[in-house]
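**Student:** After the structure tokens below, expect a handful of questions from me.
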Amino acid sequence: MGRRSFIRGTGSYLPERVLTNDELSEMVETTDAWIQERTGIKKRHVAADGELTSDIAVHAARRALEAAGMQASEIDLIVLATTTPDQTFPATATAVQAKLGTGPGAAFDVQAVCSGFLFALATADSLMKQGLFHKALVIGAETFTRIIDWSDRGTCVLFGDGGGAIVLECVEWDGADDAGVITHHVRTDGTKSNLLYVDGGVSSTGTIGHVRMEGNKVFKHAVTNISAAIEAVLTETGLTSADIDWFVPHQANKRILDGVAKKMSIPEEKVVITVSEHANTSAASIPLALDHVVRSGRAKPGDLILSEAMGGGFSWGASLFRL
């Protein structure tokens, strides 16, 4: 008998303020048609003044707890994936812990940009399987619009703010191997960090900086690396894409989603796409999309889900789990 983690609930949150493509066209040289054709994005949400990453995370976490039928006091682990923390330190997860009023336990951040949620999920799952923790919140939350150069049309049209969360519970398990959280594949190639980065930092410039990206190169690496991560998970488990009920990818842009689906021969109807409604929310996008497909009733208990992502670093990965 071993230990197995199960997803007990999902939740998400998007700030009230909506920024449309037409509004962006008044700020930079672009159009709604240009943005939609190249990215599939129609709008993005922007955090209000004074609305922190921890606030967004708390909203998403509360909804996940409600869906799980659990109280915050039952949680003994919080792993928060974010690139846009409230402060340099302490970890934003500690603010989430305090605001939620969770029980005694651990709370820390993981930073792997757009693939951060998968790294956070793999970390929480590993710690729980060791018996160190029993009930966890795994959260992705971002105020990414605060590191955007609004004069750079190559990046400012792509990103938005938001948060998503899941509740994980780890229990003694002697059942089927393909139940709950099944496996993860995470990788990083630091030699490509100059292709997608923020040009500022505490120890380098002493400034916050803005997102800089070589879009065409990022696209090519994303399709290649994400496809490789999917293949690694399928090979490890002896599955094929036909066995997967839903692919819930990082919502970067529709061109990348379509490129991966084509390369891996994944039917379009199996791919969950929400990027049109909230743009690229970095670490928040996978739990946002997962919550969407669950609450819409499309994904049902027992469905097999594969999530995949790539972000700056480059860091990428995939996780396989059954609802």
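Keep in mind that glycine also has a Cβ here, set from the backbone N, Cα and C atoms.
Pulled these features from Swiss-Prot for this protein:
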type: ACT_SITE; residues: Cys114; note: active site
type: ACT_SITE; residues: His250; note: active site
type: REGION; residues: 251-255; note: region 'ACP-binding'
type: ACT_SITE; residues: Asn280; note: active site
**Student:** Helix, strand or coil for Cys114 (active site)? Use DSSP.
**Tutor:** helix
**Student:** Give me the Cα-Cα distance between Asn280 (active site) and His250 (active site), rounded to a whole Å.
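**Tutor:** If we compare the Cα positions of Asn280 (active site) and His250 (active site), the gap is 8 Å.
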**Student:** Return the residues near His250 (active site), defined as same-chain residues 6+ apart in sequence whose C-beta is under 8 angstroms from its C-beta, sorted by sequence, else 'none'.
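**Tutor:** Same-chain residues close to His250 (active site) (Cβ under 8 Å, separated by 6 or more) are Cys114, Ser115, Asn280, Ser285, Ile286, Ser307, Glu308, Ala309, Met310, Gly311.
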**Student:** When a 10 Å sphere is centred on the Cβ of Asn280 (active site), how many other Cβ atoms does it contain?
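**Tutor:** So the Cβ neighbour count for Asn280 (active site) comes to 25.
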**Student:** Three states by DSSP: which one describes Asn280 (active site)?
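**Tutor:** The residue in question, Asn280 (active site), is strand (DSSP, three-state).
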**Student:** Taking 10 A as the limit, how many CB atoms besides its own sit near the CB of Cys114 (active site)?
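**Tutor:** Total other Cβ atoms inside 10 Å, all chains included: 32.
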**Student:** With DSSP as the reference, give the number of residues of the region 'ACP-binding' (251-255) in helix, strand and coil.
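**Tutor:** Each residue of the region 'ACP-binding' (251-255) counted once, the result is 2 helix, 0 strand, 3 coil.
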